[in-house]
Amino acid sequence: MPRQRIRTTTRGTTETEVYRKAAEEHSRNGTTIRGLAKKYNVCHVTLYRYIKKYEAGNTSAVVGYRCVNRVFNNDEEKCLRDYLIECSGVYFGLSPLEVRKLAYELAVKNGKTFPEKWHESQMAGKEWLTGFMKRHPSLSLRTPQATSLSRASSFNEHNVSKFFDNLAEVMDRYKFEPKDIWNMDETGVTTVQRPSKILAQKGIKQVGAITSAERGRLVTVAVAINAQGGHIPPFFVFPLKRYQEHMIREGPVGCAGAGNASGWMQEAEFLLFLEHFKRQVKPAVDQKCLLLLDNHASHISIQALDYCKKHGIVLLSFPPHCTHKLQPLDRAVFGPFKKMINAATDNWMRNHPGQTMTIHYIPGIVKEAFPASVTDRNAIAGFTCTGISPFNRNIFTAVDYAPSSVTDRPLQMNSEILSHDVCSFDATTTTQVDPDTAVDNLPASSDQTVEHTVSYDLSNLLSFNQGSHSPTPGPSGLQQAKASQPFDLTPKDLRPLPQAGPRTVSSRGRKKRKTAILTDTPEKNAIEEEYLERNKAKKTVLPPDGNGKKKLISTKGKGKGKRTKKAAEEKENISDDDDCYCLVCLETFVNSRPNEQWVQCLSCKMWSHAECVHDDANYICHKCESD
């Protein structure tokens with residue numbers, strides 16, 4: 001039997017509203033039932049039964065065909081539908097298999113009648129799921145986009161409000177026009193593309209496409225756009241220590257470049273980008289421009305801040321882990337740019353059969369993809385959808401903040417931590433919430449009390465939970481509409497939404513950044529003090545033992561569980577170039593915090609913070625992976 005039965009007649013499909021009008025006319029004018037049946041083109045027998053019920057005071061009677069063997073009634077299915085949408089809204093959606101298991105548990109716990117096969121497989125059948133999806137077209141099977149916990153929890157109302165407060169402050173202070181508001185960010189372009197979809201023979205299990213290597217090498221491309229739709233030529237960072245100008249001769253007109261060992265944007269390369277940005281935009285102290293960027297360590301060096309202050313560039317950083325929603329480049333430009341890069345690389349491989357692509361060809365690839373993706377329309381759309389220009393601090397609704405509700409929880413702080421982390425919370429606050437989620441943006445004054453409410457009733461946020469629904473047609477003839485029978489045990493009772501437990505704030509670990517106007521004097525001075533504290537000379541002098549020999553001390557090694565011995569002699573001022581540094585954040589080992597764990601790349605034997613690489617025991621750095 002087919003899943004979708006094709007009806008041969010239209011019998012029983014007339015709306016109940018038509019019968020109600022006919023019954024009112026019969027009661028008001030005394031018109032005959034057969035006359036009304038001809039007038040409204042309905043069955044006179046069905047109309048006769050409806051009028052009898054209507055005259056008896058039953059105004060909720062329904063007519064038409066109705067399925068009589070459903071496991072759940074309409075209200076119960078709507079409750080299940082709303083629960084599934086709510087779970088997907090907080091990034092904990094259920095797969096089809098999990099939905100079938102949940103339906104079986106609901107049927108068992110609520111004493112429903114269901115097929116015997118449900119008992120055998122301990123889940124609802126595939127046919128039930130298919131029918132459930134057809135009855136609720138607002139549901140569809142989607143492939144979710146992987147979103148890190150940091151992004152899901154950090155994008156909350158408190159962090160976003162602080163960003164828009166800072167944005168409003170600089171807009172009011174300097175009266176920026178759309179052409180003066182710029183956004184800058186980096187993206188990676190590799191020599192190995194992601195092949196596009198092609199047409200091939202149906203039924204073949206594997207379809208291939210040529211790439212130049214198994215793993216490619218990465219070149220960083222820095223892009224800047226403004227709210228009027230303009231852009232500057234890109235800036236390249238090559239993974240080469242010796243950069244030559246001829247490397248970008250095939251790139252877009254006016255582009256610039258630099259090089260370092262990793263191929264990532266670092267403090268020196270960012271300063272070169274600022275010089276490139278100044279040549280193209282031509283800001284001045286009396287004609288400032290606003291540059292929006294993330295708060296990566298390479299963007300907030302003392303030299304970069306001094307340069308921006310001197311040449312009229314106002315820096316405003318985004319909240320940490322929020323650029324996927326707040327950054328115009330991420331929202332509207334980088335997606336089309338990557339697609340065009342893949343298409344251009346496919347064309348290059350097709351035009352150069354048997355030839356391997358190297359990083360020297362990437363500027364030419366970018367030149368082909370750049371005009372088609374970094375367009376005026378995309379740039380303006382990026383600033384509009386983020387609420388930056390035109391300014392709209394209410395561009396994001398409570399539904400956008402829903403994923404962060406999973407980590408809404410109170411801060412458990414003891415007196416020692418409270419003396420260091422300058423923030424206090426009112427114990428009588430009714431909402432249990434960590435405004436900054438990962439404690440990214442604690443206030444800077446110990447006498448301030450944070451009382452912030454970020455509480456979401458997701459069932460009230462979903463627009464499809466509101467409004468009336470037309471009754472489902474019933475079987476032939478007249479039937480009494482059954483009263484709504486809600487679940488005795490709801491889906492939330494069986495599977496509550498995930499909720500993180502209380503988190504104890506720790507004073508260890510590296511300092512968390514926050515959204516800030518980096519070129520303002522207070523922020524700039526604070527960054528300078530932090531920089532000087534981190535790079536001040538450290539000296540350790542230990543006397544020799546009684547035999548006049550150098551005393552050996554056992555110190556914590558960089559690797560997990562490793563112990564190394566070194567001579568305890570006077571430790572002179574060590575420069576960053578000579579010291580071991582983290583491959584991810586570039587912090588030197590000499591400036592590490594006590595008991596901070598390091599891991600070693602299995603290939604090149606270089607080191608990184610365990611926190612930076614998520615404590616991966618089989619760690620291979622990004623440079624070795626690209627090679």
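Glycine residues also receive a Cβ, built from the backbone N, Cα and C atoms like all the rest.
Unlike curated records, TrEMBL annotations are generated automatically.
Here's what TrEMBL has on this protein:
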REGION    1-23  region 'Disordered'
DOMAIN    219-351  domain 'DDE-1'
COMPBIAS  462-483  compositional bias 'Polar residues'
REGION    462-570  region 'Disordered'
COMPBIAS  521-535  compositional bias 'Basic and acidic residues'
COMPBIAS  549-565  compositional bias 'Basic residues'
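Per DSSP, the region 'Disordered' (1-23) is made up of 8 helix, 0 strand, 15 coil.
Here the compositional bias 'Basic and acidic residues' (521-535) has, by DSSP, the following mix of helix, strand and coil residues: 15 helix, 0 strand, 0 coil.
With helix defined as DSSP H, G or I and strand as E or B, the domain 'DDE-1' (219-351) counts 60 helix, 29 strand, 44 coil.
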